[in-house]
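A short worksheet on the structure shown next.
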């Protein structure tokens with residue numbers, strides 16, 4: 001499951017900010033600046049940013065528990081401004097807080113350790129709890145998805161977001177089982193998925209890992225939120241502003257990589273046989289590195305959850321922000337359809 005290793009409080013054992021040194025280097029906070037931490041979590045990045053410079057941090061999270069932590073931290077450090085909401089709306093949230101532009105944005109994508117560790121949030125099959133998985137607590141839950149979505153819809157979600165090769169078989173078994181009794185707990189779902197794929201057979205990870213990941217990503221529209229967050233950052237960043245994104249899943253990294261390449265002026269379609277007729281719009285970003293930065297071997301030894309992390313960073317130019325609409329490219333059934341059926 002795409003675990004955001006962090007969330008991220010250096011003060012709490014087991015919650016380590018991933019690639020903290022690399023994030024600070026790419027973000028380069030300076031005195032007097034305004035930085036957006038779009039995924040506040042446990043405040044690990046925010047704490048380090050506030051220590052690195054006499055700046056203001058807008059700590060955004062859609063999880064109310066995270067905002068409660070942020071508000072407690074803000075009592076001791078008024079340079080932190082907690083903002084409840086989705087990072088896909090970070091430009092609107094920043095403007096509502098009185099900041100028409102900002103100097104830096106950092107996004108740490110995925111579910112947090114705090115969320116995983118709370119059984120009642122329903123994110124993990126390691127701790128039995130209600131089948132929920134909602135980061136923000138509103139909208140259709142994982143139980144709604146599993147109990148009402150069509151077999152084809154479930155198979156598509158599990159295959160595209162989980163990259164699970166047994167997606168059709170799993171979807172078929174889930175639909176057959178829910179006729180007898182609806183799914184209500186994480187342990188129940190995990191057991192049925194394990195049975196559907198034939199048990200563990202010595203596998204390093206639980207057979208339900210990819211299915212849980214897919215359903216969680218769908219429930220929270222994580223790729224759509226990421227696409228919206230990137231565009232919001234483009235709109236709110238000043239020229240010279242830094243965008244830093246840490247991902248833990250290949251789908252997330254692919255989306256960030258392709259979007260940054262396009263925004264940095266890499267227009268697809270040209271070749272030496274058929275040159276481009278137009279160079280496209282002026283680049284809105286300059287890449288800090290051509291390739292993703294990965295955690296050091298030492299960090300992975302200390303924090304194994306950091307193993308899959310990739311960091312991509314770019315600097316905003318003075319070009320106008322693009323006006324295209326955000327898309328995750330998955331073409332999955334919209335959550336709104338489930339909302340209507342509830």
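Indices start at 1 and increase along the chain as displayed.
Quick reminder: no glycine exception, Cβ is built from N, Cα and C everywhere.
Within 10 Å of the C-beta atom of residue 108 (S-adenosyl-L-methionine binding site) sit 29 other C-beta atoms, taking all shown protein chains into account. In the three-state DSSP classification, residue 108 (S-adenosyl-L-methionine binding site) falls within a strand. Residues or ranges marked as S-adenosyl-L-methionine binding site in Swiss-Prot: 43, 44, 45, 61, 87, 108, 115.
Residues annotated as region 'Disordered' in Swiss-Prot: 322-342.
If you draw a 10 Å sphere around the CB of residue 45 (S-adenosyl-L-methionine binding site), it holds 32 other CB atoms from the protein chains shown.
According to DSSP, residue 61 (S-adenosyl-L-methionine binding site) is assigned to a strand segment. Look at residue 87 (S-adenosyl-L-methionine binding site): DSSP puts it in a helix. Its own atom aside, the Cβ of residue 61 (S-adenosyl-L-methionine binding site) has 28 Cβ atoms within 10 angstroms in the protein chains shown. DSSP assigns residue 43 (S-adenosyl-L-methionine binding site) to coil, not to a helix or a strand. Other Cβ atoms within 10 Å of the Cβ of residue 43 (S-adenosyl-L-methionine binding site) number 32 in total over all chains. When Cβ atoms from all protein chains are considered, those within 10 Å of residue 44 (S-adenosyl-L-methionine binding site) total 27, not counting its own.
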